[in-house]
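Please read the structure below before turning to the comments.
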């Protein structure tokens with residue numbers, strides 16, 4: 001093949017092709033088919049340009065060799081064949097003088113008559129497949145594409161072939177001659193089969209060896225090689241393909257692609273019914289902490305010791321009374337369970353006698369609250385398979401609930417700043433590479449914005465509770481263990497602080513599978529009067545257990561202290577994820593980082609410092625009925641963190657389904673906003689799949705409400 005190339009092509013073209021291949025680290029003596037392809041491509045580019053000039057009236061004319069053309073301007077600027085730096089210099093110069101947009105990839109020619117760059121393609125395959133590959137790669141309407149094949153076919157953008165028929169015929173004849181010459185030497189088959197998509201001199205990542213074999217083995221049916229599959233994917237036109245498939249289907253399938261217009265989407269239908277209720281595993285904005293500053297007592301750090309010290313800071317205990325009963329529960333049992341906790345803690349008269357772990361006596365109220373002996377008896381299937389009316393339990397249909405205002409209030413509160421710092425980030429060594437320095441800077445800025453955020457408190461509280469509960473579930477399977485709900489933070493002055501939110505009593509926990517459930521009773525302190533929002537506390541039995549004296553602007557005020565009690569349950573897999581709630585920090589930091597990267601790529605330098613320190617700039621935070629809400633970069637950080645934390649606290653199948661399905665509609669709306677003229681079919685089916693997830697979950701209902709606000713404002 002190398003000998004053929006040197007005989008068949010002009011020595012100048014051969015020399016340029018050799019230089020080009022060496023520039024990209026390729027050897028013409030080894031990659032002979034590529035050598036031939038580059039020479040062919042260059043010759044076509046030169047033939048395209050030959051004899052074409054522009055006269056003084058700006059008209060394109062053809063002047064044969066030998067005729068005078070000294071005063072005429074060449075119609076085409078040849079870019080192909082120049083070294084890469086020079087080629088880009090020529091392109092930039094043309095863009096500056098003509099105002100034409102700069103192409104993403106090096107073109108082959110510039111047409112001064114039509115004022116456009118041209119990409120020439122020469123293919124040994126079908127022209128339309130190669131044309132689509134080029135178009136998909138270039139993704140620009142400003143660069144004109146013209147493809148020739150060795151069989152005499154051609155294809156060009158909008159069927160505009162630029163040259164007269166005679167000039168194009170000359171190129172096709174030359175290609176046909178090259179093909180015949182190769183065939184007569186037995187070189188054509190090898191040359192034809194060697195084409196792998198792009199054969200021009202652009203860089204290409206080549207897969208070789210084991211990876212190549214794996215790629216060829218890992219293909220859908222009907223594809224013989226990875227290259228065929230890639231060519232198919234590159235040339236894939238989704239809308240046309242879908243319409244084609246629909247036309248082949250049964251006549252019963254009645255699906256037409258409809259244009260998606262501003263007037264097309266409707267709001268999501270939120271369910272009606274009683275207001276939704278609080279279902280998180282622990283109280284959020286309504287939680288009350290009993291705290292000790294600078295703890296230095298004996299056994300400091302042992303949860304039970306810390307809890308006893310925190311309990312001793314409060315002197316307003318009183319005889320508990322039920323102020324809000326649970327409709328279906330035996331509320332007196334919850335009352336007796338709290339009395340039992342108080343009594344067993346008060347038994348530790350001398351602090352030196354406090355045990356490291358406290359197992360509660362298995363009293364009747366606790367057994368009831370923890371569902372002891374309530375599970376139906378398991379019978380071996382072999383013993384009952386002949387029972388004629390054997391059937392599965394009828395599951396109750398979930399009751400539809402409407403959106404309540406408390407969940408928006410919870411979210412707003414989670415975005416707020418507290419007066420304590422909840423994050424202790426470990427030192428991770430000195431930065432060495434510049435990238436590490438940027439990463440540390442971003443982490444430090446982000447940490448400063450979110451360390452005092454209430455959502456961060458929820459993370460640390462969730463990590464502690466889930467870790468303690470999982471440890472107890474594995475270490476004391478048969479015991480009703482008392483687990484204090486504790487968190488640790490630092491005050492504004494930097495003093496350490498230990499907080500007690502309440503207690504958990506764990507039930508029997510023989511957890512074999514990840515989804516096996518352990519029951520627990522949570523008892524949490526609060527100053528929130530439940531009678532203000534009774535619907536929020538449907539699952540709770542609430543006691544008044546004391547009076548707390550608070551300092552206010554008008555002096556000291558006594559407020560009733562409540563205990564929110566409920567039976568709840570969790571599983572190993574839920575506790576495992578709860579222990580990893582710190583991931584929420586990482587997720588929201590990555591979202592912020594993508595915003596910084598977008599800004600940095602526009603400014604062509606790292607914008608981290610400017611991003612966080614420009615306090616005057618506001619950023620979109622989310623949608624509300626009023627429109628797009630904006631705030632400082634700190635508010636954006638805290639809002640993104642709160643969303644991530646709530647996704648964790650309110651994780652459910654409803655949230656999974658809503659997120660996956662609503663994303664599809666969101667992408668369609670975004671495509672419409674980007675003027676991409678999206679088309680849809682069975683939009684009603686998509687709405688159905690979104691709305692079947694809107695049942696009773698407060699966080700999902702709030703997200704659906706936000707989605708409706710987005711639809712309203714996005715399509716104005």
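Placement of Cβ uses the backbone N, Cα and C atoms for every residue, glycine included.
Residues annotated as Mn(2+) 1 binding site in Swiss-Prot, with sequence analysis given as evidence: 41, 108, 120.
DSSP classifies residue 80 (Mn(2+) 2 binding site) as coil under the three-state reduction. Residues or ranges marked as Mn(2+) 2 binding site by Swiss-Prot on the basis of sequence analysis: 80, 108.
Annotated motif 'Nuclear localization signal 1 (NLS1)' per Swiss-Prot: 124-139, in sequence order.
Across the motif 'Nuclear localization signal 2 (NLS2)' (184-247), the prediction's mean pLDDT works out to 72. The feature motif 'Nuclear localization signal 2 (NLS2)' is assigned by Swiss-Prot to 184-247.
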Could you tell me the C-alpha distance between residue 120 (Mn(2+) 1 binding site) and residue 80 (Mn(2+) 2 binding site) in angstrom, no decimals?
9
With helix taken as DSSP H, G or I, strand as E or B and everything else coil, how many residues of the motif 'Nuclear localization signal 1 (NLS1)' (124-139) land in each class?
12 helix, 0 strand, 4 coil
Local Cβ density at residue 41 (Mn(2+) 1 binding site) - other Cβ atoms counted within 10 Å:
23
According to DSSP, folded down to helix, strand and coil, what is residue 108 (Mn(2+) 1 binding site)?
coil
Around the Cβ of residue 108 (Mn(2+) 1 binding site), how many other Cβ atoms lie within 10 Å? Please give the count over every shown protein chain.
26
